[in-house]
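Colleague: Pasting in a structure now, in structure tokens, and then I'll have a few things to ask.
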Amino acid sequence: MIGQWHISRLQNPDTGDIFGYKTQGCRRALCIAGYILSCGALRLLFYWKPEWHVWISCIQCSLEEADIVLLRTTDDFRTYSRKTVTWISMSAFIKSRSDNPAIEEDSIFSKAIMKPSLLVKTIQVQKIRYVWNVYAKQFQKIGVLEDHYTCSAIHDKFGSGLTCNEQNVRRVICGPNTIDVPVIPIWKLLIKEVLNPFYVFQLFSVCLWFAEDYMEYANAIIFMSLLSIFLTVYDLRKQSIKLHRLVESHNNVMVTVCRNKEGFQELESHHLVPGDMLILKEGKTLLPCDAILVSGQCTVNESMLTGESIPVTKIHLPRADNFQPWRVYCAEDYRKHVLLCGTEVIQTKADDRGVVKAVVLRTGFNTAKGDLVRSILYPKPMNFKLYRDALRFLMCLIAFAAIGMIYTVCVFALNGEETGEVVKKALDVITIAVPPALPAALTTGVIYTQQRLKKKGIFCISPQRINMCGQLNLVCFDKTGTLTEDGLDLWGLLPSERSCFQDIYSFPADHGLPWSPVFKALAVCHSLIVWEDKIQGDPLDMKMFEATNWNAGQGPTHATVVRPGLKAPVEGITILHQFPFSSALQRMSVIAQEIGGDPQAFIKGAPETVATLCRAETVPSNFESKLLLYTAQGFRVIGLACKSLQAGKLPAALTREEVESDLTFLGLLIMENRLKRETKPVLEELTAARIRSVMVTGDNIQTAITVAKNAGMIAPTHRVILVEANKEPGSFSASVTWKSLQENKIEDCRSLDDSHTEPGIRLALGSGQYHFAMSGKSYQIVAQHFRHLLPKLLLNGTVFARMSPSQKSSLVEEFQKLDYFVGMCGDGANDCGALKVAHAGISLSEQEASVASPFTSRTPSIACVPELIREGRAALVTSFCMFKYMALYSIIQYLGVLLLYWQLNAFGNYQFLFQDLAITTVIGVTMSFTRAYPKLVPYRPPSQLTSPPLLLSVVLNILFSLSMQIFGFVVVQEQPWYSKTNIHSVTLFFSACLSEQIDNGFKSYENTTVWLLSTINCLIVALVFSKGKPFRQPIYTNYVFMLVLTVQLGICLFLVFADIDDLYSKMDLVCTPTTWRISMVGMLAVTLAVSFLVEEAVIENRPLWLLLKKTFRYRSKSHYKRLQQVLEQDPAWPPLNETFFSDSVAVTVEGNMGGHSNPTFDSSEDSL
């Protein structure tokens, strides 16, 4: 039931489950009694599992009655969080009915106030406040202006500002307009870190070791744990201070607001509420909230928030009189009217209404800046199989420990040992079977990789994603600035006069452009501004304006005035008004006026779009063929047009539709966008490694296809199929058409090779040698009307052009739903969303906005992508090696201890210390030093611990260790010199061992044999598990690790053959004949040989595993691979020169290929 158990999506786009509970006094009293009786252990358990606390101390009820709510995420983790309901009293502000804001019945503020108590029920989730809607019976987000307002309603309701009382009511309900990230006190960080289950288990282990006088290792673990805690707390504290400094400047800004009936008023920005009327004065202003511009125009520097390095022009919200919500009416262009919190207004320009005004849209953490900060505070948990498998494996080790405990209790109890001793021995088995250092050992590889990446100029703010980079099999690339150079160079101008294209004018040229309407378009049709005495703006606009050799300056009304640098028939041109570039409309326009002349409109944009706005008689008949000629060569082509306007009419009074209609076509501006030097080699390397490359760009589709071909994304022999989807105006039906690009017979283009006959084409398509290309519009229509076709299109989709930022994010998520591990590499503001959503987002921009991206490259080149994948693969393999080693080390020690328990014996403290500290800890630190292999191989390392090769490796090595230890344990008892009770019995046979040692209860022939075998066995598995090629460099290149192993082996062999009485006494070893020592070395040599042979010949034998897969007809569980197999058998796929209609195509597909879902990536950070 919506509202009772689940939160509605009404004003919260994120999904989650919410449950209501009511506290019960008697249950709470029982919990407190439990805390006391368990000495706080129950309270600690509830700290780790808040849902258990709620279930035990509360009873379930409706959300309306609840005083505690339990939230559960809908991802695979199903994480619970507990929130306490708080009440806000409004009686101080609402004295009578006339004061009640309920006069506006559709406002959430009136719906949240309960009558007659005048209380508002709220909860706070991840810094966002939600209020209880009394009428809708659900929690709704507060601190935002409701979406249902139309453009005219925003002007009418908020144009004069709020009254003081309305402002007070809204402020109390919404809370302060601050992005408050307090610096977390060190004691809080310390307590939170210490209460981590890992450290609690270590504390338990240390207490047990102190009880057994195992002081040295206990002290070593305490030292390492304190060091680890200190470093973690220091790092967290540093991040907390950095984040606090990032946002503190926006919390106390003085602003001017307009009060209804009271005029202008100055106040601190933390008092702002949604609906307030903000006055933007001249000069630089830091925006403390998100706001909708309702009058005037301003230029904003958004680099610190969106990564957009150039100033952006914002225009006021039109006063459209219709019934559509303002955001729906403005569509993709709504951003052009929205000023974002954290950005800087660098220039304002008032219209005929006198001042520049903006209505506060969002406050606090609801703002764009707040959302960015929340994405850092509450990162999305990564659903990676390695971590889940690690937990499962730990559970298996705990199960082993439980079996060992039962065995220990039985053996010692039956032999009449004291109860306290039995309990200590049983608990000891847990610390042996489950190594306390395991989590720390697993993170070492990632830490070293992070340091190596830093040296290569790649910075990482989310280390847990490094392992995920090792699984990437698809990378999406932005085009401009990522694959190609950031700047564009002018290549040529193709003017049009009297419906005919004239001779092309090439750049650069010695003489200037002739004076003409197309010259005027180049001089004025741009968004350049003069800021700090310098011309600034879009690089494309800069290049275009520089070609005119004119100068720009500011006029008396802050309008930009352009003047000729050389002789020209005009004194100058004033740019009166601007309609900024819109990615949805794919154009921009300006209204300009020659000094002393009449106003004119100039339009610049996508040629196809500009041509549709021009009068048909002014567009050359060969327009399409000329356009294709240049775009097919990879040029970026801009269409230019103009129109004369009526004199006397105010430019601000003209609508965009009026200005951008009945235009005269002026020509095409052709610009060259060169590939970066690194692009082609990097893409070839990724292709060779079987990692798909996909282009996601906002540019023209023909240009994008050509760049994809030049870059090597599309091989010369492969076909390109254009997918064009259209929606019938005013109808629910849509169509999708498939065209082979090379079949378009276009004038002026090179003729096609006759060998491309239909059977040849079908053969190429059948072998999968084809690529789909589509525009953002087609992608949107396919996603809405042909949902079942989308997975099939994505399988071979390589070029996605004219994509908006939201479509880029959506595309990445759709690839993830097909079980691809997706990387995203981009440099612009429009990539921020996709960078955040991808498994590995790599930003090539160092702007503040890149803080939302897990990885940032200092070098603006895609060469960082294969580097990151190489390091990710090496880190992943290192994690597996460490896990296998730590598991084997604990099992080897566990088996040795259980064998000795059979004779009521055990390892001595120094024996444990040597294995734990001198062997395992040092290996754990140095094993991860191995660097990544320089070449990317065409397959990935396994992603889970439960993969058959890894499991088989662990199981076989456990069996080898068990066999060797049992063999040594049994065979030593068969020796003629052996005595169970007399450790000096060997002196009766061999005069070499004449020392008299005191037996302290640990010394025995079995103990010496098992301990020496198990210790050197740890070195054997460390060597065998240290994988080199193909993902890491050969193990011998890790000089530190090899030196450590050599020294450790030397010490161990010294212990085997030494006859130093004091040393043996300290290590609880007994003297054995030399022949037996040689026999032990022989056993170890056989174990090493067998283990190494099995690892190389079976575990690492890739052809063998591929043969086994084929023999047993193993099918991949990956959605995209299953779909690939289905399509390979379908002779009708892909369709060519066909059109499908949404009415006539079935929506379902066999095997559930359509409605797939991946909930981990569907839910957002603040999901309820």
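Cβ coordinates are placed from backbone N, Cα and C, and glycine is handled just like the others.
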Colleague: Looking at 35-57, 426-448, which one does TrEMBL call transmembrane segment?
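Modeller: TrEMBL lists transmembrane segment for residues 426-448.
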Colleague: Is it possible to list how many residues within the domain 'Cation-transporting P-type ATPase N-terminal' (141-214) are helical, extended or coil according to DSSP?
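Modeller: Tallying H, G and I as helix, E and B as strand, the rest coil: 43 helix, 3 strand, 28 coil.
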Colleague: Might you confirm whether the transmembrane segment (217-236) is in contact with the transmembrane segment (950-972), defined here as three or more C-beta pairs under 8 A between residues 6 or more apart in sequence?
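Modeller: By the criterion, they do not touch.
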Colleague: Going through 217-236, 390-414, 886-904, 910-929, 1078-1099 one by one, which has the most CB pairs that fall under 8 Å from the transmembrane segment (1038-1058)?
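Modeller: Stretch with maximum Cβ contacts: 910-929.
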Colleague: Checking distant contacts: for the transmembrane segment (910-929), what same-chain residues at least six beyond its ends satisfy Cβ-Cβ under 8 A?
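Modeller: Beyond its ends, the transmembrane segment (910-929) has Cβ neighbours at 214, 216-217, 220, 224, 435, 437, 440-441, 444-445, 448, 878, 881-882, 885-886, 889, 893, 1002, 1007, 1011, 1014-1015, 1018-1019, 1022, 1026, 1038, 1040-1041, 1044-1045, 1048, 1051, 1066-1068.
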Colleague: Let me spell it out: take the transmembrane segment (886-904), skip the flanking residues so only those 6+ beyond its ends count, and list any with a Cβ under 8 Å from a Cβ in it.
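Modeller: Non-local partners: 393, 397, 400-401, 404, 407-408, 411-412, 415, 417, 425, 428-429, 432-435, 437-438, 441-442, 912, 915, 919-920, 924, 954, 957-958, 961-962, 965-966, 969, 980, 1004, 1006-1007, 1010-1011, 1013-1014, 1017-1018, 1021, 1025.
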